[in-house]
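See below for the structure under consideration.
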Amino acid sequence: MGTVVDAAAKKEANGSLADLNPTVVFVLGGPGSGKGTQCANIVQHFGYTHLSAGDLLRAEIKSGSENGTMISNMIKEGKIVPSEVTIKLLQRAMLESGNDKFLIDGFPRNEENRAAFEAVTKIEPSFVLFFDCSEEEMERRLLGRNQGREDDNIETIRKRFKVFLESSLPVIEYYNSKGKVRKIDAGRPVEEVYESVKAIFAPKNEKLTKCPFSLSLMLTFSILCLLR
């Protein structure tokens, strides 16, 4: 039987992701920073498709494939899954979504992920949404939630913090140097965090929608005055 990765490769043969010219937003932040909650809000209000790299990987684990077993072992050790596996899972999900606006949550996890994604998909993110939250607050949230996640124990949580600091922060710094990072203070209540998120995604010309009509009236009036 073929794996999800094999299916992605077949799907690619029938259509290129880059041909869709999609809008891609990378969503980064430590474990427990609230990325998933805010992504749900963005999906509801702005029409994006939310793709969680972690959810896609966990689905592959449940599939019982060889890739799934490898992924499971690496997550338990707090290691990062090979780029090729995650990128293929993301590509398949994007191509099958029917959308052209994506929130990619929890990826790229390191510089190698970043470079591989751009090289394979020929896509650069529009920007990176970075949820900045203290380690103490993230740990409190993870230990307090009741989702039954196998990796929600204190030892694995701290390994995940360490991996994020060592691997993901350089990605954020890279995109920050290109002016593509939108930093959010994620230590606040959910509603306050979403207000900051909404300000980033709301159309910047929302309050100016009537300007072209008003300008047209002004020009018409000026022309009439000159003709009198």
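Glycine is no exception: its Cβ is also placed from the backbone N, Cα and C atoms.
According to TrEMBL, the protein has these features:
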- G32, S33, G34, K35, G36, T37, R145, R188: ATP binding site (BINDING)
- R58, K79, I80, V81, G106, F107, P108, R109, R149, R160: ribonucleoside 5'-phosphate binding site (BINDING)
- N113: CMP binding site (BINDING)
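Taking only the Cα positions, the spacing between R58 (ribonucleoside 5'-phosphate binding site) and G36 (ATP binding site) is 15 angstrom. Across the structure, G106 (ribonucleoside 5'-phosphate binding site) and G34 (ATP binding site) are spaced 11 Å apart at their Cα atoms.
Taking Cβ-Cβ distances under 8 Å and a sequence gap of 6 or more within the same chain, the neighbours of P108 (ribonucleoside 5'-phosphate binding site) are F26, S83, R114, A116, F117, S168, V171.
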